[in-house]
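First up is the structure itself, then whatever we jot down about it.
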Amino acid sequence: MSAKTEQSKVQRVLTGVTTTGTPHLGNYAGAIRPAIDMSNQPDVDAFFFLADYHALIKCDDADRVERSRLEIAATWLAAGLDTDRATFYCQSDIPEIPELSWILTCSTPKGVMNRAHAYKASVDANEAAGVEPDDGVTMGLYSYPILMAADILMFNAHKVPVGADQIQHIEMARDIAQRFNYHYGKGNEFFVLPEAQVDNEVATLPGLDGRKMSKSYNNTIPLFEGTAKDLQQAIAQIKTDSKLPGEPKNPDDSNLFAIYRAFVEPAKAEAFAQELREGLGWGEAKKMLGNELETIIAPMRERYVELMAKPEQIEEILLAGAEKARKISQPFIQEIRQAVGLRRFHAIGSETPNKVKEKTTKKSVKTPRFVSFKDDTGQFMFRLISTEGEELLRSVSFPNPQIAGQEIKALQSDPGAIEFTLVNDLYQLSLNGQLVAVAVDETEVGAEVWKAKLLNQLALFSAE
Ligand code: TRP
């Protein structure tokens, strides 16, 4: 259909990985592979990051945090993440995130945090053990969901792929966003309300013992760490029933088959299942799984080893990703500071009794402003200059300055009436069905961020 429907399908998808461990086969099938696949879809703008501030909540072993950051970054890169497409960065390289986290902390009711599962689980465990309810609970653990909300809201993500255990956190992020929008957004959307994306199709691999593969159960199969032999040795430990070769086996009841199925085409999985039903021995089955996995993993493992030998190269990639991300977070945090009142004093001149404004030179006045000018043909136009001095909006041409002035007034006084249409990734603004102005997007922040920014700037006029 129209450009609008086409363009507005682009979704910002964001997810973080807490850097406390070494990725295993279950992480690959359940999170890394699906995320990378998603980032290659044309209508997805993917943001993936190492949640290393979150790691500090769970882990006070500095060397482990350091090692895990490196391993996880190398894993995602070796697994084929295209960092030209996706924005891949380290949370701790984005200082705007903890800044936003604090600002959000100040408007988040404590009662909401009391309900967080991770915190409640600790309290329950303490109560069961007969110690103080908050024993061992840090403020980091307690406010964990606010930091996570900041991760998500900082980049106005639409979709957040997570495991089911994280759904509550996404709901809290929505709640926090809504409260902020309502209070500071003057009725305009400030933050995009994110949605959890829990993919039931994605494989949750069983571990060696049949429980979910997890570091905390110590039942994992390595991904890129170690050698081909280590992989085979782990596979040899997968628990099976004691049926002998020749006896029919039930694939649906087999961890080994569940793992195999997660790595091959359905037809190949079915053929394997059939062999099991017909009596394939477990030893043979393990060999087949081992060969299959080794074929898939070997080339990635090779890249991983190469990357791990050059940490400075990984660092460079992450810093480039952070730079890309900060193109969004830096201007956006300025909007947010503005919204909550952390403003430069010289920007509030008009409200101060001693009329600071009159004494301030024009250059340093930090309010958004509409600037009128004449185009080449003598028609009248205007542009909107943001508090940071960038041009956000340029109008169409009007036959006389009165009409141009009326449109400026309308934009200032009732931003809610603006109709937004996406054309080639830039918003066009109409009032009462008439095209009035188009976005100027020099910063290439993306249409949604641009829109949030524009609405915030416009809100500053009615706030005056
Ligand atoms: N809490 C998430 C986990 O443990 C990791 C995480 C941190 C995250 N910040 C995020 C996930 C933001 C999604 C979005 O799995």
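Counting begins at 1 with the first residue displayed.
Placement of Cβ uses the backbone N, Cα and C atoms for every residue, glycine included.
According to DSSP, Asn27 (ATP binding site) is assigned to a helical segment. Applying an 8 A CB threshold to same-chain residues 6+ apart, the list for Asn27 (ATP binding site) reads Leu223. As annotated by TrEMBL, ATP binding site applies to Thr18, Thr19, Thr20, Gly26, Asn27, Gly163, Ala164, Asp165, Leu205, Lys212, Met213, Ser214, Lys215, Ser216.
Within 10 Å of the Cβ of Asp151 (L-tryptophan binding site) there are 27 other Cβ atoms, across all protein chains. Feature annotation from TrEMBL assigns L-tryptophan binding site to Asp151.
Outside the motif ''HIGH' region' (19-27), and at least 6 residues removed from its termini, the chain residues within Cβ reach (under 8 Å) are 50-52, 54-55, 58-59, 64-65, 67-69, 71-72, 75, 204-205, 207, 212-215, 220-225, 259, 293. Feature annotation from TrEMBL assigns motif ''HIGH' region' to 19-27.
For the motif ''KMSKS' region' (212-216), the number of residues in each DSSP class (helix H, G, I; strand E, B; coil) is 2 helix, 1 strand, 2 coil. TrEMBL lists 212-216 with the feature motif ''KMSKS' region'.
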Query - Whole-number Å value for how far Asp151 (L-tryptophan binding site) lies from Thr18 (ATP binding site) (Cα to Cα) - result: 12
Query raised in the report: ligand 1 is in the model; which of the binding-site residues Thr18, Thr20, Asn27, Leu205, Met213, Lys215 have a C-beta less than 6 angstroms from one of its atoms?
Result: Thr18
Report task. Return one of helix, strand or coil for Ala164 (ATP binding site), based on DSSP. Result -> helix
Query raised in the report: How big is the Cα-to-Cα gap, in Å, between Thr20 (ATP binding site) and Asp151 (L-tryptophan binding site)?
Result: 18
Query - Cβ-Cβ neighbours of Ala164 (ATP binding site) (radius 10 Å) - result: 10
Query - Local backbone state of Asp151 (L-tryptophan binding site), from DSSP in three classes - result: helix
Requested in this report: Give the sequence-ordered list of residues that share a chain with Leu205 (ATP binding site), lie 6 or more positions from it, and have CB atoms under 8 Å from its CB.
Outcome: Leu25, Gly26, Ala29, Gly30, Lys212, Met213, Ile221, Ala258, Ile259, Ala262
